[in-house]
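Asker: Structure below; questions to follow.
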Amino acid sequence: MPNMEPTTKEIKEQKIYQEMGLTDSEYELVCSILGREPNYTETGLFSVMWSEHCSYKNSKPVLRKFPTEGKQVLQGPGEGAGIVDIGDGLGVAFKVESHNHPSYVEPYQGAATGVGGIIRDVFSMGARPIAMLNSLRFGELDTPHAKYLVSEVVAGIAGYGNSIGIPTVGGEIQFDPCYTKNPLVNAMCVGLIEAKDIQKGQAKGIGNPVMYVGAKTGRDGIHGATFASVEFSEEGEQQRSAVQVGDPFMEKLLLEACLDVIRDHSDILVGIQDMGAAGLVSSSSEMASKAGAGLELIMDDVPQRELNMTPYEMLLSESQERMLLCVKKGHVEEIQALFERYGLEAVVIGQVTDDKMYKIIHHGEVVANVPVDALAEDAPVYHKPSKEPARYQAFQEEESFVPVMEDVVGVWKELLAQPTIASKRHIYEQYDYQVRTDTAVVPGSDAAIVRVRGTEKAIAMTTDCNSRYLYLDPEVGGAIAVAEAARNIVCSGGKPLAITDGLNFGNPEKPEIFWEIEKAADGISAACLELDTPVISGNVSLYNETDGTGIYPTPVIGMVGLVEDLAHITTQDFKNSGDVIFLIGETKAEYSGSELQKLQQGKISGRAPELDLTTEKKYQQLLLTAIQEGLVASSHDLAEGGFGVALAEATFKAGLGADVEVPFELNQLFSESQSRFLVSVKPENEAAFAQLMELEKVYRLGVVTEDDTIRVKHKEDQVTAKTTELRSIWEGAIPCLLK
């Protein structure tokens, strides 16, 4: 092999390690761990394993704040995905993962491989993926490039999900200028597992073979993890080699073969892990480190699809659709025969050792030999300086924004045409959300619901985060994101169980950004404790900045809940004329961070809406009880656009109307006060519902009507709007903007 790689001396003197992502002090630490200077391959291994993307070195102190335990938790953070118990020996595995940087550079493949990666995380646990969700952020749809990004990201998600046959059942999309050059693509996968089948990513048992399964290794995605741990610049467009290419048909075979091994050969399978960020080095070193073992890998045996690949390239490649298995010795042929049935190659590339070293051999030579824990566990942890940004105090002291409401119906129409509020049908119609035929509530309601075959249960799932509130106040905004996710689950008839969090932030080297991360984590933790929804998995994506401009703090909350009986499934749309409409919760003049403020001022500022977690929990529990007792015909949480938008959305599906008198002034129609629900009840259930809610701030507003007119009164004031007209604006906005 021609030795083109820099020598240890050149690496040190020319500071080549800096280009690979290590700081001076980190390089010194590596030298002291090894007792010598690392060679080129070893320097590469440390640079990628100690990147933020793999080691969480900047975010670990913050992640430790999260509550991660609960009686419902079968598997908490630290494995491919978290798992919660839903009874009857079944569990639900789920996780959210970001693919932000790749999706800006190469939006179709960036989004597609994000979907592929999160699916592998879930089936590596032994769970069958049953649903996908996503949470997307883009800039305003006013440039050809913004429209191109949206179209390609959506096509990438659809292309992969539809081909592999997993329904994409829900998600959320927000448009704000801060995402123009930093789009966010967070994908969530939910899987079903028998509790007895739960797998671990571990390699133990001295002499046990380590097997490589799936696609061959190429040069795609080398340093993808490091690429995700730096700020962007316009030149970043050049980094296309760091974006991988996905093959959903290969992944489908891999999924079925791996689940086959887990189901029928659990006695000989020791551990299984997906090759994700940082590829082979990450999966193999983590599996050995978790088991307190060492590993010896022979790079000559790694299946390669390109010529003359170096050990460095093979270890760091992020080629897709690859898994690593550790099996009991003497059973290699059985495993190979099983994978062959699926047309897949399973190759032994190494074995477990007892010396806790990570040894790489190529052409008979040892090309890397480092302590396995040094790679997987011993990355330095940084307690970054944190500083409250000047804007926070300014927002706290600012005069509250008062909207201009001369023409209430005109404002209503404008709000429904905003892309963050408008119907996302144009987008989700590209996803096959009915494949597998278990989807009980399709996209477009508060939460998606998927039936659990062979039972009367269903799983409710949602993704939520209003990053504008976090920009105003990350602690309150973080709590609101969790509360809103739980509201969506409850409105659908589910009991919230746990969350996965996709923490998307700017550059943590900036003290103001690190402050946002800390405060958001405090808010999320407080809400998770109050609502009993521990954090069981997640992902951190930092450095979402381009040319010094960062995103709003965007911790995406993915939540799963249990619908105990299919009869409890509830949707947001009004069902019958004559049904009685109630509002749960208090409406105040809260417009800061609202869709209305953005529309009228072109910016957001002021104090975030208030959230009282005790009240939130009480209302959620009461509403869920009412739903489980069969008293509720429809329920909808009040979110962006407040009461006006929620009321309009409730009328759209059946083309009904509403005649209501509200307990607040009409200029508060679009206030975004928290902890509110719009509920409709059959007349014969009205008394029982009112009795259940009697001590709370629950208001009887009026009735659902047959005609397609919404009438809203407060004392002497009244506004009237046509459902059909509002609906055509709401449905037409995004197709029109994407033209």
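For all residues, glycine too, the Cβ spot is worked out from N, Cα and C.
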Asker: According to Swiss-Prot, Ser98, His99, Asn100, His101, Gln244, Glu318, Ser319, Gln320, Ser541 bind substrate; so which of Arg120, Arg341 is the extra one listed there?
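Answerer: Looking at Arg120, Arg341, the one Swiss-Prot places in the substrate site next to Ser98, His99, Asn100, His101, Gln244, Glu318, Ser319, Gln320, Ser541 is Arg120.
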Asker: Record says Tyr56, Lys95, Asp501 bind ATP. Source is Swiss-Prot. Which of Gly21, Gly126, Gly538 does it list for that same site?
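Answerer: The record-listed residue among the candidates is Gly538.
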Asker: Provide, as an integer number of angstrom, the distance between the C-alpha atoms of Gln320 (substrate binding site) and Asp274 (Mg(2+) 2 binding site).
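Answerer: Distance between the two Cα atoms comes out at 9 Å.
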Asker: Other residues with Cβ within 8 Å of the Cβ centroid of Tyr56, Lys95, Asp501, Gly538 at the ATP site?
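Answerer: Along the chain, the qualifying residues are Leu63, Pro77, Val96, Thr500, Gly502, Leu503, Val535, Ser537, Asn539, Val540.
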Asker: Including all protein chains displayed, how many Cβ atoms other than that of Glu97 (Mg(2+) 1 binding site) lie within 10 Å of its Cβ?
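Answerer: I count 27 other Cβ atoms within 10 Å of it.
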Asker: Which three-state DSSP class does Arg120 (substrate binding site) fall into?
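Answerer: Assignment for Arg120 (substrate binding site) reads helix.
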Asker: Please give the maximum pairwise Cα distance, in Å and rounded to a whole number, for the ATP-binding set Tyr56, Lys95, Asp501, Gly538.
Answerer: 17
Asker: List, in sequence order, those recorded positions among His53, Asp274, Glu318, Asn539 whose Cα sits within 10 Å of the Cα of Lys95 (ATP binding site).
Answerer: Asn539
